[in-house]
Each structure stands twice: as structure tokens, then as C-alpha cells.
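As written in TrEMBL, here are the features:
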type	residues	note
ACT_SITE	Cys79	active site, nucleophile
ACT_SITE	His167	active site
ACT_SITE	Glu169	active site
BINDING	Ser221, Gly222, Gly223, Val224, Asp225, Ser226, Thr227	ATP binding site
DOMAIN	194-382	domain 'GMPS ATP-PPase'
Amino acid sequence: MQQKIIILDFGSQTTQLIGRRVRELDTFCEILPYNKFPKNDPDVIGVILSGSPYSVHDPEAFQCDLNEFVGKYPVLGICYGAQYISHSTGGKVERTESREYGRAHLKSVDNSNPLFVGFEQNSQVWMSHGDTITKIPEDCKVIASTEDVENAAYASSEKPLWAVQFHPEVFHSLQGKTLLKNFVVDICGSKQEWSAASYVETTVEELKKQVGNDRVILGLSGGVDSTVCAMLLKKAIGNQLTCIFVDHGMLRKNEFNNVMEAYSGLGLNVIGVDASEKFFKDLEGITDPEQKRKIIGRDFVEVFNAEAKKITDAKWLAQGTIYPDRIESLSITGMTIKSHHNVGGLPKEMHLQLCEPLQWLFKDEVRRVGYELGIPASLIERHPFPGPGLAVRILGDITPERVKILQDADDIYIETMKKWVCEDGEVLYNKVWQAGTVLLTTVRSVGVMGDERTYEHPVALRAVTSTDAMTADWAHLPYEFLAKVSNEIINKVKGVNRVCYDISSKPPATIEWE
Ligand code: XMP
């Protein structure tokens, strides 16, 4: 049995964050559409109702049948969840003057209630509501208020039911983690047994059952997700797994060989395909970023399929899809799962079934599972790298010569970053979310080298800090580091006579230039 908390998603932007927080309590959870509560699942130990962009009074507001779980499991309503419970069970929700956005402070906190054990009076919480709960259900009592809102938290005296108007899952609710721990561990009784080791153990068993003696194919990219996916499968089914790694010619310098070597060190059975000629030919003269992406995506599918077709006994296609990919595409009204950008469109006549062993993991959990499987840090801690590779970092059309220039510049930048130890003892590469170089082939500037005038292209360095690539800030790299990199690139890379550093945040810029 694997205990789980069900999080019913009413469409809030912070639903995923609730999931993250529950996992941080070493407890498994599933985020499901608001009206898809699993009625006969013996593993459920509690239910959380998320916030929503709607008001309970909106005609299109999401509704669920509370009778499916209220009174049967411990339930926690958050924001809209709290309002919905009140609205549906005899309380009242109204649009008043007391709407709150941002920081608020709790008062009259009832520390004798199990939800608020260890809470301080005046604890800062994060609010975001236009409507206010003006009356709570009959069997409930108020367990915390704020300056402006009387019913900031309430609990039933008869059933295991709690509701909070604020968002405990967000960073700015300073004791939010305490509240969620009180609910998940003390109220729901989680044994906190969800860990990377237990995930590996149960997933390997499941994969053995799912796949049996069949052959599985998997597209590797050198990135964390596909590597961890491959190693999980290898542990489960050994050499019934065949991996395919396509080189489109726009990877980092020596990356294809380095990654193939690393994979071979891990004992993976990998077919490496050098298809760079085809990609370069099809990209000739193309300057529009979206067109570049389309051509690369199409060529990738063609090359991958041609290789996959040779593996005639394959029955399964494995993909490194992770949980956030699924939640984003699990629209809360439908259940369509997006196809992976690397292998979309595999020919139907191959009749392959999909196998997605990472589908329950958040990114940092994938890394933890990776370490558990003995994958070296050099593969697990790699910066993200876009599927189309350096093609979207060469502004203008792509030629093998330009790729070579960019690879050389990029190699100096990244290798120096990997060796640079900061004042606090941490390696600079590990402090940065993602870094890369951009070749501005559409710009030329004048320089002087020795006695000669040069007229060449600039390279832009990009480095950002981020947690999820949705927003990012430019990394404040040390000047001494930038000076060293700039000097080396200009001295060693023929074709580049100027180096700039990109100091734009996302938004309004993006991480990639194209
Ligand atoms: P942007 O440039 O949108 O990038 O801020 C966010 C993250 O996505 C990566 N990226 C891509 N990854 N195919 C990919 O597989 C693509 O076409 C693509 N475009 C951007 C980018 O490197 C960053 O990590």
C-alpha cells in the first residue's frame, strides 16, 4: 500500500505547489481534476481542495460532489476550496469590502486545534481572494482570523474537515509548511514513506510486470529525464532496453561522444546516430526561429523512426515525461496528455505502447532518483539544453562553420564556469540554472588584433538563475570570471572579436535568444 493525498485541482496557479509541499513531507500525492475524486482507492488518506480563478458565484465555477469524501477522509479546503465548502454546506460567501491580496497576519489562532499546533499568533500568511466567507457552516467554528477577515480558518466539530482562506503552500505564508505537516502527517496519518529509494523499488517492480519479456525503445538526449528513465528501465528489464541517441549536429562541443561514453559507462545499450548532414542540409538558408524548430522536430522524428523501425521486436516506447509536463497538459476539464517533443508522431503501424516511469516525479525528485540509481553528478546536474540545440543560439542561418565557432566559444565559457570556485566555496556552474553562448551572425563589429583591423561577429554570454525556467533573472557572474572568459574567447576562437554579457531578465526577455 502506498499512502496518498488527493489534491483536487480547481484551476489555481498554485495547485502544483501544494503537490510539491506534500512531496516534501515524504508523502505521495496525486493532483486530479476537481471532479475526478477516485472513489474506490484504498490508498487515499486525505483530500486537499485547491484554489481557483473563479468565484463560487460564477456560473462556470468548478463544482464537485463533497459527499464523495467529506466525512470519509480528512479534508482541507484552501482559498476557493474553503469558500466552496462553506458555500455548499450552509455557509455564505460574499463580495464585500474585505478582499485581501498579499500579506496578512493571523490573530486569535486556536492552538488547541490540530491544524494550528505550533503556530504563532500574528503569523504571516498570503491571501488572494476577492470573495469573503461571511458565514461558516453550522457545525464549524472559527480557528483563526485576520485584521480584515473574521473567518480566515475554520474547522468542523463533527467531521475531519478544515478550511483556510490563505495559501499555506506559498513561500510568503511563513508557517505554511507547519500547517501542511499538521494536516498531512498528524491529521491524515502519513507515515512519510515516500522517498527516492522507495520510488525506485516500487517502479522497478511495476515496470517488470508492465513490460514482461518485451523489448522497449527509448530516445536519449543526454538530459537528466531521459537518462534517469533509461536507468530505471535498465534496472527493471536489463538488456531488453534499446536506446537511440540522435546527433543533429548542433550539440555542444564533443557532447555526442562524451555522452555516448558516459552511457556506455552506465552499461546502457545505445545506438548513436550521426544525422548531422541531413539536418544541416534541411536548415540551409533558414533564419526564422520557429521554422528552424519545425524542421529540426520533423527531421528528428524521421531519423528516430527510421532507427526504431529496425528494432522489429519492440513493443514499448518509453518516454521521460515528468509530472509537471502532465499536469500542464491535464487540462482540468479534459485528460489529454501531450506527446513528448522529441518523439511525437511515431508511426502507428509500429503499434508501440507508451511507458512513462517518471510520470509522477517533479524535477528535483527525478534528480534524487538519479542519484539513487548511481548516475554520476556530471549527468544529473547538467544545465538544461534546448532540443534544437545551438540552432536557436545562432542568430541567422546555420552553417557547420558557424556551429563550430559557437561550440568553441561555448566550450570555453562552460568549462571555465565548471572550474570556477566562488568565494563561498561553491562551484559557479552549480549556482547557475542555465548558461550558454549566442552567436550574432547578423552583426559585425570592428576590432583590432595585433596590427590588423578585424571585422567579425560578437558572441553574447547568457547565464540565468531560476527555479523552473518560467521566470529567470540574469546571473550576477563575477567580473573576474567574465574577464577571463572574454579574453580566452577572443584570443582563441577565430571569427569572434567581441564578447557581451546579456543582462535581461525573463520576462520580458526569454532565456534563449530565439
Ligand atoms: P525560453 O527561451 O522560452 O526557454 O525562456 C525556457 C527553457 O526552455 C528551453 N527551450 C527549449 N527546449 N525545445 C526544448 O526542448 C525548444 O524548442 C526550446 N526552446 C527553449 C530553454 O533552453 C530554457 O531552458
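Quick reminder: no glycine exception, Cβ is built from N, Cα and C everywhere.
Distribution of TrEMBL features across the structure.
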residue	record	contacts (Cβ under 8 Å, 6+ apart)
Cys79	active site, nucleophile	Ser12, Ser50, Gly51, Ser52, Ser128, His129, Val164, Gln165, Phe166, His167
Glu169	active site	Thr14, Leu17, Ile18, Arg20, Arg21, Ile78, Gly176, Leu180
Gly222	ATP binding site	Phe245, Leu251, Glu255, Val259, Leu379, Arg382, Phe385
Gly223	ATP binding site	Gly320, Arg382, Pro384, Phe385
Val224	ATP binding site	Lys363, Val366, Arg367, Gly370, Leu379, Ile380, Arg382
Asp225	ATP binding site	Gly320, Thr321, Ile322, Leu358, Val366
Thr227	ATP binding site	Leu220, Tyr263, Gly370, Ile375, Leu379, Ile380
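When averaged over the domain 'GMPS ATP-PPase' (194-382), pLDDT in the model lands at 88.
The 10 Å shell around the Cβ of Ser221 (ATP binding site) contains 17 further Cβ atoms across the protein chains shown. Counting every protein chain shown, the number of other Cβ atoms lying within 10 Å of the Cβ of Ser226 (ATP binding site) is 21.
In three-state terms derived from DSSP, Ser226 (ATP binding site) belongs to a helical segment.
Every protein chain considered, the tally of other Cβ atoms within 10 Å of the Cβ of His167 (active site) stands at 23. Sequence-ordered, the extra residues of this chain that approach the ATP site, with Cβ no more than 8 Å from the Cβ center of Ser221, Gly222, Gly223, Val224, Asp225, Ser226, Thr227, are Leu220, Val228, Cys229, Gly320, Leu379, Arg382.
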